[in-house]
Amino acid sequence: MAGKKVCIVGSGDWGSAIAKIVGGNAAQLAQFDPRVTMWVFEEDIGGKKLTEIINTHQENVKYLPGHKLPPNVVAVPDVVKAAADADILIFVVPHQFIGKICDEIKGHLKANAIGISLIKGVNEGPKGLKLISEVIGEHLGIPMSVLMGANIASEVADEKFCETTIGCKDQAQGQLLKQLMQTPNFRIVVTQEVNTVEICGALKDLVAVGAGFCDGIGFGDNTKAAVIRLGLMEMIAFAKLFCSGPVSPATFLESCGVADLITTCYGGRNRKVAEAFARTGKSIEQLEKEMLNGQKLQGPETARELHSILQHKGLVDWFPLFMAVYKVCYQGQPVGEFIRCLQNHPEHM
């Protein structure tokens with residue numbers, strides 16, 4: 001029986017780090033076709049196309065320099081050609097671009113294809129919250145799982161030990177995805193609470209922006225610990241309000257929950273850029289260009305989406321930390337006001 005074909009939709013630092021793992025496993029495991037396609041948004045790097053550089057030198061020199069990709073990972077600039085034959089689609093692009101990508105590949109996929117989203121963020125739907133996996137699943141008519149965890153891309157690429165969480169309602173599919181993605185240094189726990197896993201992944205970036213604000217104005221680890229605790233409480237409250245399925249406290253103790261929150265608040269790009277925002281006064285857009293090679297930051301965008309959702313539901317006052325991040329990012333509120341939000345949080349009244 002032919003092995004299942006895999007396509008990675010996206011090629012930033014996280015997409016490339018996952019390609020390193022998936023390419024290695026697909027080359028060794030009989031249940032997968034060894035050729036893995038990776039859709040790459042074509043860019044010109046020093047007069048050469050990025051796809052040509054990746055396919056010639058097995059390295060994404062722009063987004064994951066210094067790390068060799070397996071030779072069986074093939075960069076493809078056309079997303080339809082990359083995805084057309086895939087049995088398993090791994091989505092790992094900034095969440096604001098997923099609708100356009102789904103429009104392009106809709107109608108070109110295998111009938112029995114399945115997907116897994118590594119995308120962190122939420123959308124606003126007609127009834128409020130719309131998870132990215134739901135957007136993809138409804139657009140493409142395929143079953144969707146999610147992967148979220150304490151996984152800084154550079155450390156995963158360096159093969160430093162970490163854990164992650166797959167949320168998958170179908171047990172057999174969950175085990176297949178685990179086989180595709182697990183290594184001795186990338187250990188996976190599978191749970192059926194898909195929505196909770198995904199909400200954890202989306203909201204932690206927003207909390208990390210708040211942690212970065214604290215760093216930028218010179219507050220210490222005690223303050224950051226308060227941000228993490230209050231942020232986790234708001235994450236749990238949000239999940240209980242908006243998740244259609246069960247929300248168990250145990251899921252927040254998996255890698256997708258408190259572990260991802262901690263690592264992102266200390267080491268992630270959202271924290272780093274938010275710190276620079278607080279220190280320099282430069283715009284988020286300018287800092288994305290300077291610090292992220294133009295890659296998009298998820299935390300501020302998630303704050304904007306949440307503000308719209310919560311305002312529509314009349315629940316803005318229920319999530320003061322989330323909304324304080326929004327006000328600093330989008331309404332020009334001074335960063336110091338974020339500290340006043342912590343001081344006056346309902347938890348302390």
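Just so you know, glycine gets a Cβ as well, placed from its N, Cα and C.
In the record from Swiss-Prot, residues ARG269, ASN270 bind substrate; the candidate from LYS110, LYS120, LYS130, LYS160 listed for the same site is LYS120. Of the residues ALA150, ALA153, ALA237, ALA239, Swiss-Prot places ALA153 in the same NAD(+) site as GLY10, SER11, GLY12, ASP13, TRP14, GLY15, LYS120, ARG269, LYS296, GLN298. The recorded positions shown are SER154, LYS204, ASN270, LYS289; of these, the one with its CA atom nearest the CA of GLY10 (NAD(+) binding site) is SER154. With the fewest other C-beta atoms within 10 Å around its C-beta, GLY12 stands out among the binding-site residues GLY10, GLY12. Listed in chain order, the extra residues whose Cβ falls within 8 Å of the Cβ center of the substrate site residues LYS120, ARG269, ASN270 are ASP205, ALA208, THR264, GLY268, LEU297, GLN298, GLY299.
Within its own chain, ASN270 (substrate binding site) has ASP205, LEU206, ALA208, VAL209, GLY212, THR264, LEU297, GLN298, GLY299 as residues 6 or more apart in sequence whose C-beta sits under 8 angstroms from its own.
For the recorded positions listed here (SER154, GLN298), the lowest count of other CB atoms within 10 A around the CB belongs to SER154. Within the same chain, residues at least 6 positions away in sequence whose Cβ sits under 8 Å from that of TRP14 (NAD(+) binding site) are VAL92, LEU118, ASN151, ALA153, VAL156.
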